[in-house]
Structure formats: C-alpha cells, structure tokens
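Listed in TrEMBL for this protein:
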- 1-27: signal peptide (SIGNAL)
- 34-107: domain 'Inhibitor I9' (DOMAIN)
- 141-605: domain 'Peptidase S8/S53' (DOMAIN)
- ASP150: active site, charge relay system (ACT_SITE)
- HIS223: active site, charge relay system (ACT_SITE)
- 393-482: domain 'PA' (DOMAIN)
- SER569: active site, charge relay system (ACT_SITE)
- 676-775: domain 'Subtilisin-like protease fibronectin type-III' (DOMAIN)
Amino acid sequence: MKTAGGAMSRLPFFLFLCLFSFFTASASTKQGQVYIVYLGEDAGAKSKGAILDDHHALLLSVKGSEEEARASLLYSYKHTLNGFAALLSEEEATKLSERTEVVSTFRSDGRWSPHTTRSWEFVGLEEGLSQGWLPSGAHAGENVIVGMLDSGIWPESRSFSDEGLGPVPARWKGVCQEGDSFNSSSCNRKVIGARYYLKAYEAHNGRLNTTYAYRSPRDHDGHGTHTASTVAGRTVPGVAALGGFAAGTASGGAPLARLAIYKVCWPIPGPNPNIENTCFDADMLAAMDDAVGDGVDVMSVSIGSNGKPPRLPDDGVAMGALHAARRGVVVVCSGGNSGPAPATVSNLAPWILTVGASSIDRSFNSPIRLGNGMVIMGQTVTPYQLPANRTYPMVYAAHAVVPGTPANVTNQCLPNSLSPKKVRGKIVVCLRGSGLRVGKGLEVKRAGGAAIVLGNPPMYGSEVPVDAHVLPGTAVSMAGVNTILKYINSSANPTAYLDRSRTVVDVKPSPVMAQFSSRGPNALEPSILKPDVTAPGLNILAAWSEASSPTKLDGDDRVVKYNIISGTSMSCPHVSATAVLLKSAHPDWSTAAFRSAIMTTATAYNAEGGPIMNADGTVAGPMDYGSGHIRPRHALDPGLVYDASFQDYLLYACASEGAQLDHSFPCPASPPRPHELNYPSVAIHGLNGSTTVHRTVTNVGEHGARYSVAVVEPMGFSVKVSPTSLAFARTGEKKSFTIKIAATGKRSRRLKMKYLAGSYTWSDGVHAVRSPVVVLVA
C-alpha cells in the first residue's frame with residue numbers, strides 16, 4: 001500500500017504504527033477478511049432476487065447457519081457480472097474457490113489508491129488547432145453520462161452548475177444517495193446521481209472516522225472533485241489557484257456531459273489521514289456494477305493498485321471493466337505514478353484504456369537570485385513572498401540536520417530532521433525523494449527556516465511539479481539544484497533571494513513525459529503495450545473540495561475552490577472526456593472502437609514538431625507514452641478502427657494467464673497467442689527468428705476509401721505488412737492483414753536496448769491510422 005513515505009520517522013511514531021497495524025489486523029482477522037467470489041458473466045436469465053438467493057446459498061455451504069451467511073454478505077453484484085463480496089475465513093474462501101460454479105475467489109484489500117483550464121487549450125494546440133478542442137456543435141456530449149469512481153464531489157463548486165442544461169436523460173436509473181452534509185438537493189441536472197461505498201473499507205479499518213471524511217458522496221479530500229471537473233466541469237470564468245496563479249477560464253473537456261459520482265476511496269487511518277486515500281476491490285466492484293446498471297456511458301477511474309499487479313481473475317477493477325465493456329461502457333484508468341522505473345504501469349487489461357501523464361505548455365516561473373549574480377529559474381504556486389530588499393543566507397539541508405538523521409536522507413527535510421539552530425532565517429535547499437514535497441516545506445517552517453528550495457534528484461530531471469507551500473518556496477530541476485549546490489559548496493557565506501512567481505504560457509518543448517508517470521512494459525502480459533496513450537497530468541488546475549487545504553497537511557487551514565495538482569489521476573479524466581465526445585458523435589461504436597480511435601490518432605510528436613521527450617532529456621517512446629499524446633478532434637474521425645469483442649477478451653485471458661473468466665466460454669486447447677488480440681498497437685517479446693501477427697480493421701470513414709501502408713522498422717528488425725493496400729467499398733467493411741516481424745542484423749547490437757520501436761501507418765491521404773510496433777529484447 002502506498003503511504004506518505006517518511007511522513008514521520010521517529011521511533012515512537014514507528015512503534016505506534018506497528019501497534020496500530022497489529023490491532024487493526026487482529027480485529028480484521030477475528031471477523032474474517034473481505035473476499036470477492038467471482039462467478040462470471042450475468043447472463044440475465046435470473047431475477048436479481050434469484051441471484052441474491054444463489055449467493056446466500058453459496059455462503060450457507062461454508063457458514064454454520066443461514067443467519068451467519070446473510071450477515072457475512074457485504075455486496076451482491078448482479079447488474080453486469082455475477083458475484084459477491086463477503087466476510088470469510090481463509091478456509092471458507094478456499095472451499096468456495098473449489099466449487100465448479102466459482103471462477104475465482106480473492107481478497108479485497110487496500111492495495112488500491114488514487115493516482116495523484118489551460119490543459120484543454122493545450123490539447124487543442126497539440127492538434128494544430130487555434131479554435132479549441134471541442135467538436136463543432138453546441139451540444140457535444142450533453143446527454144453522455146460519466147461515472148466517476150473516486151473520493152466523491154464538492155457539489156457547490158461553480159464547475160458543477162446545471163445552468164442552461166436540459167433535463168436529466170430519461171434512461172438514467174441512478175439515485176442521489178443522502179448522507180453527511182449531502183441530500184437530494186446536492187444533485188442537479190449536472191451531477192445527476194451520487195452513491196458511496198465503504199463496507200469493505202470499514203470491514204478492514206473499523207467504522208469511518210467522520211472527522212476526516214463525510215459518510216456520504218461529499219468529497220473531503222479534493223481528488224474526486226478535481227477529476228470530475230477535469231472531465232466535465234462547466235466553463236467558469238475568473239478562476240485561479242491560491243495566490244492568483246493560472247488565472248483564466250476553467251473548463252472540463254466535455255462541459256455539457258452529466259456526472260454520476262461513485263465514492264469508493266477513503267482516508268487511510270493513522271496520524272495524518274488527510275494525506276492519502278485507500279480504495280478496496282469489493283467497494284469499487286460494487287460501484288462499477290451499479291454504475292452500469294444506472295446507465296453510465298463512460299467510467300473514469302483515477303485509481304490503481306500498488307505493488308505487483310494482480311492477475312486478471314483477481315483484479316476487481318479489471319473484472320468490473322470487462323463486464324462494463326460488454327455493455328458498451330468505455331472504462332478509462334490512470335496508469336500510475338511509479339515511474340520512471342520500467343514495468344510499473346498498472347491497470348493492464350486490454351479492455352481498459354490506460355493513461356500516462358505528460359506536461360502542458362504552462363509554467364510558474366520563480367527566479368532564484370544567487371549571491372554570485374547567477375539566476376536559476378524555479379517554479380512555484382506558493383502565495384507567500386520573502387520580504388524584499390535583502391538577500392537571505394542559504395544552507396543545504398544535508399549540512400543542517402540533527403544528530404542521528406540517517407545518512408541516506410540527510411538532504412530530504414523529513415519531519416524533525418532539521419536543526420533550528422542551523423536553519424533559522426535561512427533559505428533551505430532540500431531534495432525530492434522520500435516524503436511529501438509539501439511536508440518538506442512544513443519541516444523547514446517548523447525549524448524556523450525562511451524559505452525552501454526543493455530540488456530534483458537525477459531521476460526526475462527537468463520535471464517540476466508545483467506546490468502551494470506553507471512558507472515562501474520554489475522548486476527547481478536537477479540541473480538547477482546542481483548549480484545551486486555548487487555555489488553553496490564554493491562560497492563561505494552563500495545567499496539568495498526568491499523573486500515573485502508568475503504564470504507563463506507557450507513553454508517549449510511541450511508536452512514532455514512526466515518522470516512520475518508509470519512505464520511499460522506490461523508486467524502481466526508484455527504482448528499488450530501499456531500505457532495506451534498519454535495526456536496532460538502535470539500541474540493541472542481544477543475544482544477542489546473546500547473541506548481540504550491545498551496541501552492536505554494538518555495545520556494548513558487555507559481554503560481553496562480550485563487547486564493545482566499532478567498525477568496520472570489528472571491525465572485519466574482528459575482521456576475520459578475525449579471518450580465522452582466520441583460517444584456523443586458515434587453512439588453505436590463499440591468500446592474497442594473508441595479505444596482504437598483515441599490510440600491510432602495520438603501523436604508521438606510535441607507541439608513544435610519534434611519527438612516527445614522525457615523530463616530527464618531522453619527521447620520518449622512507446623513504453624513511456626504508448627501510442628502517443630491524445631488528439632480528441634482527430635479521434636472523432638479516425639478512418640479505420642481495430643475492433644474486439646467480449647469473446648476476444650475471454651480468449652486473450654485464456655492465452656495470457658490460462659484463466660477462464662466465464663463458465664459459458666471454456667478455454668480452447670490452443671487459444672490464439674496474446675499478441676493476436678486485435679489491438680491497435682503491436683508488442684512482441686521472446687521473438688526467436690520471426691513471427692506473424694494478424695490484424696483486422698473496420699472502415700468508419702467514407703465509402704470507396706483506399707489505404708496504403710507505410711512502415712518504420714525497429715532497429716535490427718524487418719516489418720512486412722501484407723497486403724500493402726486496403727480498399728473499402730463501404731462504411732463498416734472489414735479488411736484483414738498480416739504483419740511479419742523478423743530479426744535482422746547483429747543480435748549483440750540489439751541486446752544493448754531493452755526494447756526497439758517502430759510503427760506502421762495506414763493512410764488514405766486524409767486519415768493517418770498509426771500503430772506502434774514494439775519488440776522487447778530484455
């Protein structure tokens with residue numbers, strides 16, 4: 001489980017955590033653990049009451065009485081899939097898993113967490129458009145319903161006004177669930193429904209502490225409000241972050257779409273529960289099941305698992321998304337914030353659209369004037385300013401720690417690590433790494449420092465997430481902090497001054513891949529390239545919960561209506577909004593067609609025409625951004641799409657993991673290889689000599705279209721597409737082709753690379769349908 005690493009490092013606190021974990025685990029063990037019992041597809045032949053009776057009967061087979069069986073049931077999933085969540089002992093769960101009607105049984109735990117304006121203008125610029133990102137038509141996306149799985153919503157935000165919207169779509173079947181500070185009037189024609197789910201959370205952690213969260217769909221954290229407004233927030237003029245930064249008009253990508261809120265994430269109990277939320281499989285699966293039953297069209301899930309990714313049959317989000325996709329619901333998920341290490345991307349199922357994060361063309365420039373006359377450019381949205389007319393002494397945190405601070409974190413400004421005697425009245429230089437960025441500023445303030453300069457270690461390169469620190473401060477790139485440290489080490493009395501920050505747009509190059517964005521290859525199945533695409537996720541302004549401060553730190557009592565944060569949680573709703581616009585324009589398309597359109601029209605180039613770069617200065621590739629950066633208006637008219645069915649996905653699971661995901665579809669003895677799934681990208685691993693991949697495209701453009709192919713071969717490999725041209729007499733016609741990939745050249749040269757990338761592109765002179773080709777060598 002991801003935690004606020006290093007938030008407290010003193011021994012008494014460590015002992016407290018150990019005791020807290022012990023008692024929590026003991027309480028949970030006594031009542032059993034929450035397990036999900038997955039029974040496959042709901043064929044619709046039985047009533048919901050009959051399905052519930054079946055679930056009770058299964059529980060009765062392992063429980064001592066009917067009363068105990070009914071009391072143990074937390075959720076009965078019956079809208080899209082067949083299954084339930086219940087409190088079970090390990091022995092009971094094992095017995096159920098051995099029954100023929102059970103596909104899988106797995107524990108629901110807190111391994112999931114949220115992956116935490118101008119961005120939409122930039123998306124338009126990335127497409128070469130000056131008029132914006134929205135398609136023509138005043139009502140684009142108006143009757144499309146987006147289900148948000150997150151931490152809830154702050155419904156009073158201007159971003160969720162229903163002024164000028166028409167009636168709620170008649171097909172909507174959801175509810176506005178009441179609770180703490182949330183009643184039926186909290187919903188409107190914009191936020192048309194809201195529910196909350198915490199049975200699995202409370203089974204694990206005990207009853208919710210309502211000091212830190214509302215027992216209702218209301219958002220105490222801010223994350224859910226931010227993501228919801230990024231997808232579908234109304235156009236709101238005169239918006240800015242704390243301190244007036246990023247001032248302008250805020251808007252979601254699909255400002256006329258309707259929102260349905262499913263609150264599934266809750267604070268992690270402990271000393272500072274505000275910092276991060278946790279989300280449980282059983283709660284999320286119940287929300288996904290309800291969302292489809294309620295009538296959502298798109299599901300936006302800025303949540304991912306921590307650590308080793310679960311197998312598909314044991315992945316609640318993957319199973320919920322599979323059955324949602326069968327019913328035409330597009331599921332978009334964040335890829336995670338564990339980059340730039342390889343094989344860290346999460347949400348790996350091919351029926352999920354998985355999103356990485358990249359920058360936009362805006363910065364918040366804050367010059368640092370060193371005593372030697374040099375000026376280093378930092379970035380900040382901190383509203384506080386050092387008193388002018390004088391410089392301040394500057395100290396490196398590693399030179400100012402208290403005795404006993406571990407040697408490997410002396411430069412990290414972790415809680416209680418700085419010596420007030422050594423930092424009082426000084427600008428303190430700290431490095432990112434362990435602990436929270438804003439927590440480092442809090443530590444500098446505690447020790448009496450005048451300001452913080454937060455520098456990047458090598459792994460983060462030039463990526464600079466900005467924060468509203470609790471004291472004057474700014475952040476700098478790796479190169480910037482190295483220059484500052486050289487000055488400190490060469491001067492007997494180093495000094496500096498932090499100039500006021502200002503918002504700057506049209507920053508080049510952009511986009512740049514965020515170093516935190518989780519990277520491929522796909523740890524479960526390298527033959528499916530993940531992430532699928534990238535979208536804006538660095539320093540994104542959107543609506544915020546007024547119950548949460550901009551830093552979420554205890555003691556930060558500032559209230560904001562809009563906040564700037566970073567993460568693939570922020571990039572995911574950009575792609576969800578793109579799916580909304582496509583769903584509005586093409587209501588009859590399959591979920592695979594939407595994913596294909598978004599992927600094959602994405603670009604591998606930045607707004608200036610050069611290759612997309614990583615923040616460390618290297619050229620980015622498919623393991624960083626998948627097919628590339630989204631271009632929503634291009635995706636509206638992709639020309640060709642790669643389609644796939646529910647049966648195709650079941651075959652993929654058979655081939656990839658030997659997993660039979662539905663009893664109605666037994667795995668064949670020799671299923672097609674995983675890379676034969678009709679996916680819009682091609683990834684090959686373990687290539688010995690050559691292999692041939694099959695793909696089928698469907699014409700969604702004009703009649704009489706004729707396409708020819710252009711290939712960019714990966715270094716050391718040949719790629720032959722056959723046939724080299726495709727002619728379509730009508731819209732909806734399908735054509736198949738093969739891609740033969742063979743090793744050429746010296747093997748020793750290829751082995752120097754972890755993967756090699758090329759592409760093939762079908763073009764008719766109007767559309768360019770591009771697919772990356774990746775060969776994994778190491």
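Using the three backbone atoms N, Cα and C, a Cβ is placed for every residue, glycine included.
No curator has checked TrEMBL annotations; they are predicted automatically.
Other Cβ atoms within 10 Å of the Cβ of ASP150 (active site, charge relay system) number 30 in total over all chains.
Spacing of SER569 (active site, charge relay system) relative to HIS223 (active site, charge relay system) is 8 Å (Cα to Cα, whole number). Around the Cβ of HIS223 (active site, charge relay system), a 10 Å sphere holds 30 further Cβ atoms from the protein chains shown.
All protein chains included, SER569 (active site, charge relay system) registers 30 other Cβ atoms within 10 Å of its own Cβ.
The DSSP breakdown of the domain 'PA' (393-482), given as helix, strand and coil counts, is 28 helix, 20 strand, 42 coil. For HIS223 (active site, charge relay system) paired with ASP150 (active site, charge relay system), the C-alpha to C-alpha distance reads 7 Å.
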